[in-house]
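Participant: Take a look at the following structure, please.
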Amino acid sequence: MTASPAPRLSVGAIPYYWPKQQVDDFYAMVADSPADIVYLGETICAKRNQVRFEDWLDIAARLTAAGKEVVLSTLALLEAESELKRLRAICGQEDYLVEANDLGAVQLLRGKPFAVGHSVNVYNHRTLELLAADGCRRWVLPVELTRETLAAMQRQRPAGMETEVFAYGRLPLAYSARCFTARARDLPKDDCRDACLEDPDGMVVDTQDDNRFLALNGIQTQSARTMNLLPALDDLRALDVDILRVSPQSQYTGEVLALFHKVRAGELAPAAAGEALAALMPTGPCDGYWRGAAGMDALAVA
Amino acid sequence: MELVCPAGNLPSLKAAVDNGADAVYTGFRDDTNARHFAGLNFTAGKLADGIRYAKGKGKRVFIAMNTYPRPDGIARFEEAVDQAAALGVDALICADIGVLDYAARRQPKLNLHLSVQGSATNYEALRYYHEHFGIRRAVLPRVLSMAQIEHVIEQSPVEIEVFGFGSLCVMVEGRCILSSYATGRSPNTYGACSPASHVEWIETDTGLDTRLGGVLIQRHAKGENVGYPTLCKGTYRTDGRTYHAIEDPVSLNAMALLPQLAAAGVAAVKIEGRQRSPVYVKQVTRVWREALDAFARDPEHFAPQAEWTAELAKVSEGAQTTLGPYHRPWQ
């Protein structure tokens with residue numbers, strides 16, 4: 001197999017709650033896609049149980065057979081002992097790299113190779129050096145940081161550390177003890193009746209003057225707009241970014257991956273892809289964080 | 001249980017000390033802490049005065065250094081850590097592991113606390129901070145239930161402080177960037193949530209709109225009470241319903257839970273509000289001191305007195321209080 005042109009493409013863990021069949025179909029599509037790396041597992045809510053740990057391992061085996069690098073991802077917000085128990089099972093297996101999304105996971109992974117996701121606050125190179133000393137070999141830029149901050153961190157990144165950037169998807173903005181999807185449906189969290197199954201891309205929150213502002217995804221709040229950094233590919237390459245992450249959406253993720261691949265292969269200009277991608281987004285684009293502005297701003301010239 | 005009270009300036013620090021705080025937490029006058037507001041916080045000189053005052057009365061002073069430096073800010077943070085050590089603060093409250101590491105190595109005598117901004121919601125995370133940096137205390141994010149707090153304390157290598165009163169973050173602290181999504185500035189990077197520099201108050205034909213970074217947060221009818229446009233307390237629409245989609249504009253008041261907090265082994269209870277006035281600090285500190293003393297005298301029969309609750313309601317955001325994450329309906 002020939003190596004993919006840099007940077008590599010990853011598919012982030014599915015942030016939403018989808019029925020098992022949809023999850024299986026999604027990864028069948030990913031297996032045939034140009035993605036190089038696939039992050040698997042539940043990162044938002046431990047109550048989502050359509051796909052169990054053993055099911056994730058089955059999916060992982062199929063993707064590995066299809067030539068993908070598989071990484072098992074973990075919950076961002078760890079509260080209950082039952083959640084720690086599941087975390088220990090993920091961190092204890094030896095077949096796949098694990099993405100820690102909380103320092104509790106880092107604690108369990110110390111001494112072996114691991115990755116940290118965007119919900120671990122890596123805001124400077126000192127932090128990255130400490131994580132590297134514990135075994136971290138890949139990090140994801142926290143989504144609110146800018147191109148300038150990434151540039152400064154890349155100049156001082158530890159040897160052997162891979163840098164991944166969240167390049168496409170609704171932005172992860174916050175996590176809570178409360179379930180906003182259940183709240184919207186007037187259900188208590190402990191009897192939520194899997195309310196978030198009805199919102200395969202989250203539930204959009206409009207301001208009172210009709211600005212599609214946020215998307216509620218259980219205990220997570222996302223941006224309604226989709227971050228898109230593909231137009232910044234030249235900058236990302238100049239900064240030696242190793243991996244671009246595409247966050248799943250319920251439709252068109254295959255098309256999104258294909259467009260990313262065409263651009264990295266030099267078959268399509270980044271600007272042209274920007275327009276094509278905008279048509280695939282549930283609400284429209286943003287890229288303000290990367291450019292040092294408000295996250296919701298859309299500044300790239302399409 | 002230690003009572004830890006906020007001070008955004010010297011008069012507030014004195015008000016806290018004089019009204020029964022066991023410890024007062026403060027911040028330097030810059031973006032090294034999560035209450036980076038114009039005119040607020042301490043120069044090194046003023047903090048030295050405050051520490052002298054508090055120590056003279058047998059009270060402790062903490063300093064919060066709980067934002068996340070980016071590479072170009074590291075030198076400033078290191079200077080601030082050294083300055084805090086030179087001032088002889090009783091604890092430094094940090095979030096960033098780079099800052100914690102510097103403090104632990106360069107100022108080994110400094111007593112380190114993990115800030116709520118460090119987002120530690122489980123004991124494995126607490127072990128990480130304890131084993132690496134020797135933290136002695138952690139402030140828990142306002143997301144855990146009473147039962148979860150008990151469980152964390154049973155397994156925790158360090159003592160635990162929880163929020164007892166004040167404005168309520170409904171999101172895990174240190175992991176909320178709603179503010180920078182609308183304004184470019186967040187608690188993590190800039191030390192402020194929903195910063196005043198990005199707020200607009202706009203009169204309309206029907207009343208008053210409040211906006212943050214141009215985003216409509218609240219639409220008030222004429223004569224209605226107008227609150228500060230904090231992003232997570234705004235009124236929005238989902239599925240045709242208009243409501244507080246994220247959180248109601250309420251404050252936390254966990255006083256009724258003092259017996260459970262004590263039984264769980266909570267070491268300290270924290271009052272939010274470094275940005276509030278000396279009058280707020282005085283009133284809230286005095287009421288909580290009375291409550292803690294009453295509980296110590298007769299733990300079996302403790303209940304918040306009506307006049308305490310009324311006094312606290314006067315200074316609460318939205319004049320409404322909640323037990324927040326500590327009680328069942330949130331979980």
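Glycine too: its Cβ is placed from the backbone N, Cα and C atoms.
Annotations for this protein, taken from TrEMBL, read as follows:
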type: BINDING; residues: A:Cys45, A:Cys179, A:Cys192, A:Cys196; note: [4Fe-4S] cluster binding site
Participant: What does DSSP say about A:Cys45 ([4Fe-4S] cluster binding site): helix, strand or coil?
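Facilitator: In three-state terms, A:Cys45 ([4Fe-4S] cluster binding site) counts as coil.
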Participant: So around the [4Fe-4S] cluster site, A:Cys45, A:Cys179, A:Cys192, A:Cys196 aside, which residues have their CB within 8 A of the centroid of those CB atoms?
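Facilitator: Surrounding the site, in chain order, are A:Tyr17, A:Lys47, A:Arg48, A:Thr181, A:Ala182, A:Lys189, A:Asp194, A:Ala195, A:Gly218, A:Ile219.
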Participant: Fewest neighbouring Cβ atoms within 10 Å: which of the binding-site residues A:Cys45, A:Cys179, A:Cys192, A:Cys196?
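Facilitator: Least crowded of the binding-site residues A:Cys45, A:Cys179, A:Cys192, A:Cys196, by Cβ count within 10 Å, is A:Cys192.
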